[in-house]
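A.B. asks: From TrEMBL, for reference:
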- 1-23: region 'Disordered' (REGION)
- 85-535: domain 'Major facilitator superfamily (MFS) profile' (DOMAIN)
- 121-141: transmembrane segment (TRANSMEM)
- 148-167: transmembrane segment (TRANSMEM)
- 173-198: transmembrane segment (TRANSMEM)
- 205-228: transmembrane segment (TRANSMEM)
- 248-273: transmembrane segment (TRANSMEM)
- 349-370: transmembrane segment (TRANSMEM)
- 398-417: transmembrane segment (TRANSMEM)
- 424-444: transmembrane segment (TRANSMEM)
- 450-471: transmembrane segment (TRANSMEM)
- 483-505: transmembrane segment (TRANSMEM)
- 511-532: transmembrane segment (TRANSMEM)
Amino acid sequence: MVEIEEAPSPSPSQRKADLSPPVYDDSKLEAGVLSVTEGDNFRNAADDVVAALPKGTIDPVYEAKARVLNHAIQEIGMGWYQWQLFIVVGFGWANDNLWPIVTSLIFTPIKNEFNPSKPPLLSLAQNVGLLAGAMFWGFGCDVFGRKWAFNLTLGITAVFGLISAGSPNFASIGIFAALWSFGVGGNLPVDSAIFLEFLPGSHQYLLTVLSIYWAIAQVVATLVAWPLLGGHTCEEKTVCHRSDNMGWRYFVIVMGAISMVEFFVRFGFFTVFESPKYHMGKGNDEEAVRIVHEVAKRNGKVSNLTLADLQACDPTGAGAQTDAAATLKRKLEKFNLTHVRSLFATPKLALSTSLIIVIWAFIGLGYPLYNTFLPYLQAIRGAEFGDGSTYLTYRNSLIVAVLGIPGALIGGALVEVRGFGRKGTLSASTVLTGVFLYASTTAVTSNALLGWNCAFNFFSNIMFAVLYSYTPEVFPTKDRGTGNALTATANRIFGIMAPTIAMFANLETSAPVYTSAALFIAASLLVIILPFESRGKSSL
């Protein structure tokens, strides 16, 4: 790849007096970095970009620059770089679902082997790790950038997943579950931000389609678990020795190996650029322009974006210092509430942010309250129906998992349909998720329970596909990591409540199911009053 030097940074006084682009050398002209003849037309076209957040919702200078960058990305189009990013970002989506499913699937064999007094503590440890990861990586990526978090989260997950196979007791597997979950917790807040910020507005629906990785991960995990856990796990109510219960250890080794391969592909074979909007939000317009042209070159295109296009959006010419000491100082100063306050800057934005946080919180309790203990519930209910073997439990889990794949694809299509959009699809899928949970309590045979669970998984995958895409779309880029972190934190805090409730509730009754269903239905009603619909609009 041809190295592209950074453009020289003009002083603030030069920016005020002369908005013409700086002089570039011939190598930059050959790389397609410079086109100086269409600046005015470029900025006028950028003004016509339809944004997810209405004008006046955020800082006007930031908004104007974001529109310019949106137009630049749209001009480049969906190309090789974005499709590669679609693949490696998908690894994060997959791991976000893969490892909670791992915890769910190994719950019963671990309970049988170690016979802990409070088995749901395993799920609690996982959710504590997810909470810590969401907060650390989510808030941190707005301060130190997305790139390091993007690369490290998978590696942390893989390492501790592999180590956990040697756990000698219940406490150690709980600790390792918390540690691998620390990596998992950062996947979605970071990955959704970095993918969205390189997507043309015409292709933002792909953020919804990414959830196909989420569904595939569930299929892969259950497919691997079927022979390993089904054939090497102690049955319920038998004396369980380690030698008879090696399946869950083999299982976490395979899952850890998959995550490690994904880490090496992401870290070793793909170079991810820091987001142009991230640099722009930090006052580093020159680097934002450089990255746009690098992406254009990767795609075999030439961008018309110039430094002057961004500088013209800021008539004050207030530039940021770029020396090392000033950079460190700015990073440390960002550990305050600036990014949080920005998400509540106007009444509409405050309403949107508050509702999204509450929706994530309700779903954060409702989903794990049911899904984390699903294999256990299936085994218990199956035993009541006379067919609760471990083999049948995981076979049914695989069937349920397969139904998630069409759910993700249908969700990606519906969000672009007039009359549905993001809000309509999200509200409908969320309420139907709750309805089918209620219906599952009426099952009188194992096959009926399986059918209701299939419907639940189908609609919940649509729900998550839309929720994961809509959330970052309505946060401004400079605060997107913080917004994602707030929603993920609310989700994980309420997720911690699920195993706590399970420790004191009777999992052999329908009470957890009723509670979970009610939370989904309540969340669907809140979706209706969200103030922004992002269908057909570019994120800022």
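Note: Cβ is positioned from N, Cα and C throughout, glycine not excepted.
Note that TrEMBL annotation is computational and uncurated.
On this model, are these features tucked inside or out on the surface, and what's nearby?
C.D. replies: Panel annotation: around the transmembrane segment (205-228), residues 86, 89-91, 93-98, 101-102, 105, 192, 195-196, 199, 247-248, 250-251, 254-255, 258, 391, 394-395, 397-398, 400-402, 404-405, 407-409, 411-412, 415-416, 457, 461, 464-466, 468-469, 472-473 of the same chain, lying at least six beyond its termini, place a Cβ under 8 Å from a Cβ of the stretch.
Residues 53, 57-58, 100, 123, 127, 343, 377, 430, 434, 437, 456, 460, 463, 467, 471, 474-475, 483, 486-488, 490-495, 497-499, 501-502, 512-513, 515-520, 522-523, 526-527, 529-532 of the same chain, all 6+ positions outside the transmembrane segment (349-370), place their C-beta atoms under 8 angstroms from a C-beta of that stretch.
Under 8 Å from some Cβ of the transmembrane segment (398-417) lie the Cβ atoms of residues 205-206, 208-209, 211-212, 214-216, 218-219, 221-223, 226, 374, 424-425, 429, 450, 453-463, 465-466, 469-470, 535-536, all in the same chain and six or more residues away from its ends.
With a cut-off of 8 Å between Cβ atoms, the residues of this chain six or more beyond the transmembrane segment (450-471) that come close are 93, 188, 192, 204-205, 207-211, 214-215, 218, 356, 359-360, 363, 367, 370-371, 374, 378, 396, 399-401, 403-408, 410-412, 414-415, 422-423, 425-426, 429-430, 432-433, 436-437, 439-440, 442-443, 483-484, 487, 520, 534.
Counting residues 6+ beyond its ends, the transmembrane segment (511-532) has Cβ neighbours under 8 Å at 52-54, 348, 351-352, 355-356, 358-359, 362-363, 365-367, 369-370, 373, 423, 426-428, 430-431, 433-435, 437-438, 440-441, 463, 474, 501-502, 505 in the same chain.
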A.B. asks: Mind checking which residues of the chain, 6+ beyond the ends of the transmembrane segment (173-198), have their Cβ under 8 Å from one of its Cβ atoms?
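C.D. replies: Same-chain contacts beyond the flanks: 73, 81-82, 85-86, 89, 92-93, 95-96, 99-100, 103, 110, 114, 121-122, 124-138, 141, 146-147, 149-150, 152-158, 160-161, 163-164, 167, 204, 206-207, 210, 272-273, 275-278, 295, 468-469, 471-473, 477, 480-481, 484-485, 488, 492, 539.
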